Amino acid sequence: MTMLPSSEDADQRRLNELGYKQELKRGLSVVSNFAFSFSIISILTGVTTTYNTGLRYGGPMSATIGWIVVALFNGCIALSMAEICSAYPTSGGLYYWSARLAGKDWAPLASWITGWFNIVGLWACTTSVDFSLAQLLQVIILLSTGGANGGGYTASKYLVLGFHGALLVSHGIINSLPIQVLALFGKLGALWNVLGVFVLMALIPAVATERATAKFVFTHFNTDNGEGIHSTVYILILGLLMSQYSMVGYDASAHLTEETKNADKNGPMGILTAVGLSGIFGWAYLVAVTFAVTDIEYLLDTNNDAGGYAIAEVFYLVFKRRYGTGTGGIICLGVVAGAVYLCGISVVTSTSRMAYAFSRDGAMPFSKVWHKVNNKEVPFNAVWLAVVIGFCMALTSLGSEVAFQAMVSIATIGLYISYALPIFFRVTLGRKSFVSGPFHLGKFSCLIGWIAVIWVALITVLFSLPVAYPVTKDTLNYTPVAVGGLLVLCLGSWVVNARFWFRGPVTNIEK
């Protein structure tokens, strides 16, 4: 009687075919894989921390309708990534894909640029998420002690940085645990986001004594942004940034494929379900919160009780107006803070796996250190590298808020560029040689791929536009400087050094 190979044997055999031996513990199900990406996208994290942008540039219409537009284009990116992930289920993910799709001559350079944009983007994402949580804790403390107009305590920038450091350390400790334990945190993060959205979208409009009309929520266009921008088209474009900022990080499902069972099927499914459900739940959350918005100017005013943190002020006001106290609103902010915390855990998980894979191929300084796996089959050193770099990047906040914002902007643009590069190679250099996996797009593959690439090119330009006029050193959008600087460093290091020794993904299987 012939024994059928187990899924684990099939996964290991496929990984061997891609050039790697199994070193990480393969214990994640499709639900666990999805949960990590869904937890990183974290609707409650993205929408809550960027809602000010949506309100300021276009208001309710750009937030609610703009979300649908962005979600559709993100769906094209997710579909293309899922197809490539199915063909190459390895922790290297994007940079490995670029190497395989760009062809032998271009593989090293394509892999080098994609990998560095991806890992720096993930490090910046680690910084951004935990620093956003530190700022949210600052607002929670402010409101809990009376608010800005009631003698509330405003934490200093040094204390906020201390919060940030403590959060990073706690995430490092949790990520030092076996993958089975991390899977539980990933599932908790996904469940927290779903239940949190349901609770808040029901509670906030129900408690609000003043509600916006459906016409206001879906058609009101705010042109009074206070930033010197009056063009309707320009305002609408900037308003899309909130939605785009909120939906990033789903490459986690690819980075975890070496720890996922049936990786060539479950990895792609993790990407698609995370993006699809985030689009649906994110829109529902946005609409529910916006029904409680009646005075945009006041919500954005830095002199309100939340210091201009729009959603915090919405939550605080709806409870205060009905019950005479904003305690309920503060508890709701606690729900959001829980989601952000769980998001941070998953971001460090994804970042450490990318660093592990990239160093396995010798691309990073001291690669042998970051590639080490401990007796729990965890890339321990790569985990703590993410923690240290996440803290160092936040140090710029002490000197210049502008410099810090420029650095963390790489969290979005850097990641999206790394998403687009392998898709670009798929529809150009690798168009004829690509061999699809179990999940494929058939005859629509190239069309969807080109839509994804063009969208990323477009948002790269949008992220670089000035967001205030007149443009001064304090209002200049330094995103193109940061992203351009990263590109110059990547190409410069390639020309000067890396081109002589880096050959792209390298097999670690002894023959």
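A Cβ is built for glycine as well, from the same backbone N, Cα and C atoms used for every other residue.
These numbers come from a predicted model, not from an experiment.
Here TrEMBL flags 34-53 (among others) as transmembrane segment.
Distant neighbours of the transmembrane segment (65-89): 11, 14-15, 18, 54, 58, 96-97, 100-101, 218, 236, 239-240, 242-244, 247, 250-251, 253-254, 257-258, 260, 263-265, 267-269, 271-272, 274-276, 278-279, 282-283, 286, 416, 419-420, 422-423, 426, 434-441, 445, 448-449, 451-452, 455-456; these residues of the same chain sit at least 6 beyond its ends, with a Cβ under 8 Å from one of its Cβ atoms. Annotation source TrEMBL lists transmembrane segment at 65-89 (among others).
Same-chain residues lying 6 or more positions outside the transmembrane segment (109-126) and placing a CB less than 8 Å from one of its CB atoms are 40, 92-99, 101-102, 168, 248-249, 251, 344, 347-348, 350-351, 354-355, 358, 361, 363-364, 386-387, 389-390, 393, 407-415, 417-418, 421-422, 425, 486-487, 489-491, 494, 498-499, 502, 504-505. The transmembrane segment annotation in TrEMBL covers 109-126 (among others).
The annotation transmembrane segment is assigned in TrEMBL to 158-178 (among others).
Using a Cβ-Cβ cut-off under 8 Å and counting only residues 6 or more beyond its ends in the same chain, the transmembrane segment (190-208) has close neighbours at 34-35, 38-39, 42-44, 277, 281, 284-285, 287-289, 291-292, 314-315, 318-319, 321-322, 328, 332, 335-336, 338-339, 342. Taken from TrEMBL, the feature transmembrane segment covers 190-208 (among others).
Residues annotated as transmembrane segment in TrEMBL: 228-248 (among others).
Annotation comment: TrEMBL describes 269-293 (among others) as transmembrane segment.
Summarising the annotation, TrEMBL assigns transmembrane segment to 328-350 (among others).
As annotated by TrEMBL, transmembrane segment applies to 378-396 (among others). Remote same-chain partners of the transmembrane segment (378-396), defined as residues 6 or more beyond its termini with a Cβ less than 8 Å from a stretch Cβ, comprise 24, 122-124, 126-127, 130-131, 161, 164-165, 168-169, 171-172, 175-179, 348, 351-353, 355-356, 359, 369-372, 403-404, 407-408.
Beyond its flanks by at least six residues, the transmembrane segment (402-425) meets 77, 80-81, 84, 94-95, 97-98, 101-102, 106, 110, 113-115, 117-118, 120-122, 124-125, 127-128, 131, 244-245, 248-249, 251, 393-394, 396, 449, 452-453, 456-457, 459-460, 463, 473-474, 476, 478-479, 481-483, 486 of its own chain at Cβ-Cβ distances under 8 Å. According to TrEMBL, the transmembrane segment annotation covers 402-425 (among others).
The transmembrane segment annotation in TrEMBL covers 446-469 (among others).
Residues or ranges marked as transmembrane segment by TrEMBL: 481-502 (among others).
Of the two recorded stretches, the transmembrane segment (269-293) does not lie close to the transmembrane segment (446-469), with fewer than three CB pairs under 8 Å once pairs fewer than 6 apart in sequence are set aside. If you count C-beta pairs under 8 angstroms between the transmembrane segment (328-350) and each of 34-53, 158-178, 228-248, 446-469, 481-502, the highest count goes to 34-53. The stretch in closest packing with the transmembrane segment (228-248), judged by the count of Cβ pairs under 8 Å and taken from 34-53, 158-178, 446-469, 481-502, is 34-53.
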